[in-house]
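The domain 'DinB-like' annotation in TrEMBL covers 18-150.
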């Protein structure tokens, strides 16, 4: 198995788990917080989309997609405290954008050679992605960092345990 194949499996696994946890969320539940100061699901999805897209934009050539105007700012740390439904997209819109940015990640990954994985990562991201291989590992795994919060929220909402 190649590094590319492993990264695609990691991307697909993260997407599957995220989609499974969100499968029965209502629009109102997308704005629920498991505990005060935690981020709600709508913000987390926007953060995941904006972050992955930002990492793709740091590649040469950039591989990012076009996001709605103001999207990254709307899902920045500064806006994480907002519970205003008007400032967030619908679950379907988030999932569609996630699918598009994930497809762009897979497309960029498919263009990588084995030697490319050892090339230096983008300067702005070197603290956590010193190589392009590390960058794609972060892209693949970042959603998994948030699934624990979704699992806790599912419990708080009385939803069935899925995994």
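Keep in mind that glycine also has a Cβ here, set from the backbone N, Cα and C atoms.
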Per DSSP, how many helix, strand and coil residues does the domain 'DinB-like' (18-150) have? 81 helix, 2 strand, 50 coil
Across the domain 'DinB-like' (18-150), what is the average pLDDT of the model, as a whole number? 96
